[in-house]
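Written below as structure tokens is the structure these notes are about.
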Amino acid sequence: MWAAGVLPESTRAFSCPGQPGHWHVDCPVNCTCQEVCNTYLRRWVKQVSCVSHTTLHEITFPPTTQDISISNVAGITTIPANLFSGLTDVLSVDIYNVSMSESPPANLLSELQGLRTLRLVSVRPVNLKMFSNLRQLNQLDLHNNDLQNVQVQAGVFHTLTSLTHLHLEANSLTYLEPGWFHDTVNLQAISVSDNNIHYIDNNTFQYLSQLSELNLQKNPLVRVEMNAFHKLNNLRSIYVDRSQLDTVGPVLIYAQLPELTNLYLQTSRHYWKHVTTFNQTWYFRGCPPGYCVNSLSCSVSRNTPWCVCTKEYEGDRCDVQRISRGEFLGIFVSAMVLVGISVVIILVNVGRVVARSCKLPRFRKLQETPQPSASPMPQMT
């Protein structure tokens, strides 16, 4: 699955234009038939939904069916090979939580040549040859099927030349085979989160020039080759939170991806360091671990982390200890005392200067110069 609270742009739900129509057909027993909004196709489709059946042999779908949903089926031998026979208008098939003793037949979907979306989720066992001839398929979801590398051989997707979205989440994959994606050159989004992938090779994504979203979350990645993301010039978003991917930053920098605008590394040790290394605009979905030192909470607004500090601390990261009112008054009084002492010292020094200036040398000279004696009056003869 994608990150909590974060849906890739290409998989977000969209509303359908207009209003659903009325579909009047003979609906199979214990199924519902109605027009629903297919958010991937962005259109209203005629859907038949069958839930909690103990057998699928008695189901006959109306010939105008466009969307088929089968879920919560257990205890059956397999899915009948002719279940979808004669259905030429089907655009979407969703098979969820179905367990059987034998894998479905390889030709189960062979007549659905116009199929656009296929979800085989929690299907045990699953047959990967079922979709080998679906050349119009755009979206393939295979998550939570306990798939292992031995089942997903090179070339398993090679006929799916129209595929744009591939979901392989929650399986048991240990690495990504470089040959898996050689022919799916139109892929725009890949999610392999929640697997056991340790290593990504240089050539894994080399033919995927249209890839814009890559989800590697919840994998114990320990090594990524330096050219693993090379030539992914349309990659906009990469998700690697909840992994110990210490090398993702240098690899992404080395790749010099011009369109990368969303780097999701919430629990990586290099979350903040690597993000700020890039000379681009980044969109953060969560605070880096340990970003706020002494805080009650941390949130992200306008691509900037904001810390709500405890009452003892302040600052952008709550790393500056706040001064209490008593401490502030003590510091203020001490400062005023120092100012008063300084003023007194200044006044004393000024007084001394003034006192000295009053004893000018010319006054001393006038005091020390003897006064001339009075001339004797001439005597009259």
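Cβ from N, Cα, C; glycine included.
Nobody curates TrEMBL annotations by hand; they come from automatic prediction.
What TrEMBL lists as disulfide bond is Cys309-Cys318. Annotation comment: TrEMBL describes 283-319 as domain 'EGF-like'. If you look up TrEMBL, you'll see 328-355 marked as transmembrane segment.
The number of other Cβ atoms within 10 Å of the Cβ belonging to Cys318 (disulfide bond), over all protein chains shown, comes to 21.
DSSP assigns Cys309 (disulfide bond) to a strand.
Confidence in the domain 'EGF-like' (283-319), given as mean pLDDT, stands at 77. Around Cys309 (disulfide bond), the same-chain residues at least 6 positions away in sequence with a Cβ under 8 Å from its Cβ are Cys292, Asn294, Ser295, Leu296, Gly315, Cys318, Arg322.
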